[in-house]
Amino acid sequence: MTQLFDTLGFIETSAVRAGAAARDAHGAHQEAATRADVAAVSLVHVGKVFATPRGHAAALRDVTFDVRRGEVFGIIGRSGAGKSTLLRLVNGLERPSSGSVRVQGVDVGALDEDGLVALRRRTGMVFQHFNLLSAKTVFENVALPLKIAGVPKAERTRKVDALLDLVGLAAKRDAYPASLSGGQKQRVGIARALVHDPEVLLCDEATSALDPETTQSILALLADINRRLGLTIVLITHEMEVIRAVCDTVAVIEQGELVETGPVWRVFGDPRHGATRALLSTLVHDLPAELAARVQPLPEQAALPDGAQVVLDVRYTGESGGEPDVGALAAALGGSVRFLHGGIERIQGHAQGRLVIAASPGQSLAHGGAVAALLERARRHANHAEVLGYV
């Protein structure tokens, strides 16, 4: 019920005719103003502290990043990491305890109530829960913010019908929420968020209540809206699959801190923080249990058993921009080469992935030297390579 009131309150305040926005606060950092000139959303050294019965709790600490105009920017982190707090700072539902938040160059923390109303008209919001009014039709739910704002009926009808067509719900115009699927309800929510032609669309776990197939359809819709309208989208999620499917850039939040950010292909191909690697663990080609049980540690001194092969973990980050030349890798390793596990995929045009292979070290070198030579040859044809053991 609280979430429903939050949604209705957001719609109502967004629909009131905006007054003049307050001027930027005196003494704003030059860094913030400069960054905001080229960014749709800019956070500079942002901190947020909440008072609790046990004292003050820091939800965010020194967070700095920019969202470029027209991109889809994903914020990911585990539950309680501070993702939702970040989104509430962007639309002015919370004010930062330190630092600055700017949307289209406007300092959100310096706005008065009229300025916040103007901001929310330019910043659409898609909520995790659909929060539709059950007694109103699809058309009426989408038209409600326009009706509150006093938009003439003919203009409301034209605008809402166009939006329902955009989100694929023209045939459900006169249906009631009870007859809609979860994905259709979220499409209504997306249409409602677009009624004021926002410059930025914020999505708060917009797919977390949906099944995988419906999630993909909603993500495809958001990507289509981004392309067709040139709309900047900021979404928060705890699912790396969502980031991979639709985002251009990702920021990883862990315990209120920004621990990693960059293009999605780079972060996925070469994660540099433990929190990122943990979030990616569900997408990584981990060794199946039966294969892991077969891999034995290399003996420190003794030779490998006859016929044994060294197991190499070869990784491609996509940094080179080309496709992995698996044939060249096999030729460089020489002898018998077997592919045991893994795969290659493309993210933002970059081929990346992991191959677990078994290769013969050869007999021309002592045991340690042969393995080192094999590893060196593998590294010439991949971004990373390491020895897992032997089979």
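Just so you know, glycine gets a Cβ as well, placed from its N, Cα and C.
Bear in mind that the values here come from a model prediction, so they are computed numbers and not experimental data.
According to Swiss-Prot, the domain 'ABC transporter' annotation covers 44-280. Swiss-Prot lists G77, R78, S79, G80, A81, G82, K83, S84 with the feature ATP binding site, giving sequence analysis as the kind of evidence.
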Within its own chain, what residues at least 6 apart in sequence put their Cβ under 8 Å from the Cβ of A81 (ATP binding site), listed in sequence order?
I253, E254, Q255, G256
Take the Cβ of S79 (ATP binding site) and count every other Cβ within 10 Å, whichever protein chain it belongs to.
7
An 8 Å radius from the center of the G77, R78, S79, G80, A81, G82, K83, S84 Cβ atoms defines the neighbourhood of the ATP site; name the other residues of that chain inside it, in order.
H238, I253
Give me the long-range Cβ neighbours of S84 (ATP binding site): same chain, 6+ apart, Cβ under 8 Å, in sequence order.
D204, I236
Let me know how many other Cβ atoms fall within 10 Å of the Cβ of G80 (ATP binding site).
12
Taking the Cβ of G82 (ATP binding site) as the centre, how many other Cβ atoms fall within a 10 Å radius?
23
In this structure, which of the binding-site residues G77, R78, K83 has the fewest other Cβ atoms within 10 Å of its Cβ?
R78
